[in-house]
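I have placed the structure first, in the form of structure tokens, so that the comments after it can refer back to it.
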Amino acid sequence: LIGDIKDGRSTPVGKTIARILLEQESGQSLEAGYKPPGPPGSDKCKADTCCIWAHLSTELTAAFRGPSGRCNKFARAAVRLGFHDAGAWSQVLANNGQDFGGADGSIALSRGEMSRPENNGLQDIVARARIWQKAFGVGMGDLIQFAAQHAVVSCPLGPRIRTFVGRKDSSKEAPQGLLPDVNDSADNLIKLFEDKTISPHDLVALLGAHTTSEQFFVDSTRKGAPQDGTPGVWDTLFYNQTLGTGPLPKQVLRFPSDIVLSADPRTADEWQSFSGSGGQSHWNEDYSYSYIRLSMLGVNNINNLTECTKVLP
């Protein structure tokens, strides 16, 4: 366990999140149909924590879906932004007095994080996040994670990941060197994520988000190249095509880091399980567990969060 629930003292929501992190309770929910009790700024809306998120959800749905019903470049960027804000956290550093970074909104609130090379390409979605934060008056750390999870379910086949709000924001820059590189070895990647309490199994699940990604900086001669043949759909084709199973569309660019993990003995079995029969439902559940864990890194008030999954589309 992590954050303020690792010592076992928990509120009801803390116990729920603990069960999800321990994979004793599903990380997905079909709870839907919530109707906000009033417009933004009204007394009725202010009295219900999830109300403002329902209004934001309506705006995100319009922003993240293209004319075909598939998720678009803004959805892809929102997923990546969620990873880059939350992932800049280390258990080792936290244990040694540097417990900052993680899902605190600092990627958009600090002066320096967006100038780091690993965050290149996120400028447009960060600008939008700042506009949404100003318009709806919500926390940036919450907004980034809410948008990332909203973007996933905006994609066809994407899971409705259980969504919690109430994180504390910070404008302090996250520590450097805590995000993966596409040329990293399997050893480096596994070690990096284990320091975030993310197992090799969970790492494989998280990497599946590349099913909707497109690259612009790994190979500048192939800007916009996707990592599988259906970048608007949350499917498991990424796992198959990274393995080289069957013909590979010429537009697809496979990241070296994905290739080495698909073949490493510590991760290959899980990779194969997602690419095989029944892989979609298996991956959706595992991704939900893994992403909720990622979205709680650096969050030390888990016991005070509120679940607002019901406002997702």
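First residue shown is number 1, and so on along the chain.
Cβ from N, Cα, C; glycine included.
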Q. Which of these, Asp85, Asp124, does TrEMBL list as part of the Ca(2+) 1 site with Asp104, Ser106?
A. Asp85
Q: Check TrEMBL: it lists Asp228, Thr230, Asp235 as binding Ca(2+) 2. Then name which of Thr197, Thr211, Thr267 it lists for that same site.
A: Thr211
Q) Based on what TrEMBL records, which one of Cys155, Cys308 is disulphide-bonded to Cys71? A) Cys155
**Q.** Candidate with sparsest Cβ neighbourhood (10 Å radius) among Ser106, Thr211, Thr230, the listed binding-site residues
**A.** Thr230
Q: Out of His84, His210, Thr230, point to the one nearest Ser106 (Ca(2+) 1 binding site) in space (Cα versus Cα); all of them are recorded positions in the record.
A: His84
Q) Long-range same-chain neighbours of Asp235 (Ca(2+) 2 binding site), Cβ under 8 Å, sequence gap at least 6? A) Pro156, Leu157, Thr211, Asp228, Gln280
Q) How many whole Å apart are the CA atoms of His210 (heme b binding site) and Asp104 (Ca(2+) 1 binding site)? A) 23
Q. Which of the listed binding-site residues (Asp85, Asp104, Asp228) has the least company, meaning the fewest other Cβ atoms within 10 Å of its Cβ?
A. Asp228
Q.
Other than Asp85, Asp104, Ser106 themselves, what residues in this chain have Cβ atoms within 8 Å of the centroid of the Ca(2+) 1 site's Cβ atoms?
A. Ala86, Ala88, Gly101, Gly102, Ala103, Gly105, Ile107, Ala108, Leu109, Ser110, Glu113, Met140, Gly141, Ile144, Asp169, Ser170, Ala174, Gly298
